[in-house]
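For reference, the structure is listed below as structure tokens.
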Amino acid sequence: MALPKRIIKETERLVADPAPGITAAPHDDNLRYFDVTIQGPDGSPFQQGIFKLELFLPEEYPMAPPKVRFLTKIYHPNIDKLGRICLDILKDKWSPALQIRTVLLSIQALLSAPNPDDPLAPDVAKHYKENEKDAQRVSPRVDAAVRVRMRPSGADDRSEFSLHLFIETRHLVC
Amino acid sequence: MIRSPARCSMLVLNYVSEPNTNLLCCICRMPFVDPVTTRTCSHTFCRDCIVQAISHARFCPVDRSALSIDDLSPANSIIRSLVDELAVECIHRSSGCTYTCQRQLLTAHVMSACPFALVPCPKGECDETLARKDMESHSCSTHTLAPCDLCGAKFQLDELPKHLSQCNDTLVTCESCTLEVPRRGLSAHNTTCPEALVPCPQAPNGCGWTGPRASLASSHLSACSYEAIKGFFALHTTRFARLTEENLILRHKIDTLEGALQTTKCELQSVKTALGPWYRADGVYPLSAYSRSRPPLSSTDLPTELQPASASSSSATPPHARPFNSRVEDATSALDHALPAVQDLAPYFPPVSPEEPLNRDRASDLAARRRTLPAAWEPLAPFGGAAVTPQHTQVAPLNLSTTLEGALAEVRESVVALGGAVDSLGRRSDIALTNEALRLNEEIMSLRANIHGLRMQVHAIMMDRNAQVTGRSGSAEMQNLSPGVHILGAGGMGGGDGSWPLPMHTPPLPRGFYSYPQAMSPGGLGQSTTKL
């Protein structure tokens, strides 16, 4: 089936006019599959991090929501260890008026405002509820460690540091 | 969901300028197509988009308020006009159409005017679909006629090359003189081309020369030795042809005759099979007494009485030249011997000659009648002695020349007649016997009467003598004697009632008739006389 014009237009706009802190690029062999990165929003525990996600537009899109998953491990009460996201607009609150761009912005917003009342990772949510400061302290360290593991290659100064952190804080994640 | 072609094309339209974002459907991100507005929240969508969205989730895509199909109403006509008047590019821009127009007019353009729109072959005879601009030059191979450049005749496109290789107006080169002539004139040219190789006119007679036509008349004919004696050839040919023709006719005749002979042989064979023992080959005359008087197979169908004298005389006498119909018997005997030549070929031809059927039929009828009647009555005429004389036996003649069935019918007829004759003979014998018996009875009666008279006379004489000898006593003895006489009469004659019965010892009639007088003497009369 030919790609709907809406997807083409959305892709064009995502590439030509990306939202701040968000990049999305379709795969060459499957234009419904996007590689997405989201920068940790400023003022959030994830401020330093760059999070990789995958996004897939199902056949029913825009009538059905896109499928989005974190590839980067993240210490977040609404995101589980497999990267699945607990976000209402990706489930029952999806509306065909929403777009890829709005979904990604919502996820970015979710990073800045975790919602422990509707958790997907109960231990993290509990941690957040009991001691939000401590949880926020852990988050970037875990994030950094996982991010290094996910990166394909390339050794920059930050990765060595992250690797050290990863070894140090491993018990917190697993 | 079924979409009309126009609606389909709407979804892929390219707008000339970026439309106002207020005119975009939030679902498909394109300017509204057939816009509808919700009554509940006054949001506007394309009809297809919102119908599809409601089928997935029954709320407004913009504000998530509850929504159903019934809440949709056509959008304000201003919105409709705004989107319908947006300038769009022709959908065949990729093919080369640079036409732009208001969106509402694009359908008409594509359907009727766009030179790049794909349309089916207007003649409907080929399955091709082609751009409208190519329609003029389109030539379906199945129905477009193209003229031949040379002869002007029109042919279908795919047959044109084939025609060109056969066209009568194509110039072809003569193989002999390298002159180019139209194909239609090639055969005519070949009969006159001076360079064409031709054989000598005397080639049938044996001249082996072959050369250009030009040199035939100029050089060869004067030197050809066959040409010099062509008059002889002509005569010879004529005679040969005549003989051949005659030979052909003769062969045909022989074939016909052979066929006829074969047919005849087959018929003869079947006739032989049918006749069986009735068939006799020509010249074989059975010598039995019965058939000595019979002519060979075909000679006649007339009956011949087997009286030895007449039979031997008729077969011994040479043929007479008497007319056929003078008398029936004469005619038949004459016929028997007048056809010796026919007899030789008899097995091969039908038995009845065409000029004779009348005589023969009449004769055979007469003979048949004469045969049946005398056969029944003649033996009766000489009563008694004639019936037992074997010399007068009459045999029904066999007719070998008719079909086997006819002969059998005749034989059967004869047997029936013979049976009738035997029957009547038996009856006649009975009558004769009865008559004879009556006559004998009468004779016996008269004899008895005579005897009675004699007895009475003897008795009277005896009485007279007794009276003379004894007187009265004689009458008493007479009384004693008379019962004895009566006893003798009863025992000797066999009668007990006092009448004169027939003698008991009467022998069987025929013998008795002849021998009665001798038998009577030792019988009752003799006894009575000796007693007396």
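In case you wondered, yes, glycine gets a Cβ from its N, Cα and C as well.
Going by TrEMBL, these are the annotated features:
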type     : residues : note
DOMAIN   : A:2-155  : domain 'UBC core'
ACT_SITE : A:Cys86  : active site, glycyl thioester intermediate
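Within the model, the domain 'UBC core' (A:2-155) shows a mean pLDDT value of 84, rounded to a whole number. Counting only residues at least six positions away in the same chain, the Cβ atoms of A:Asn78, A:Ile79, A:Asp80, A:Asp118, A:Pro119, A:Leu120 sit under 8 Å from the Cβ of A:Cys86 (active site, glycyl thioester intermediate). The residue listed as 'active site, glycyl thioester intermediate' falls outside any helix or strand according to DSSP and counts as coil.
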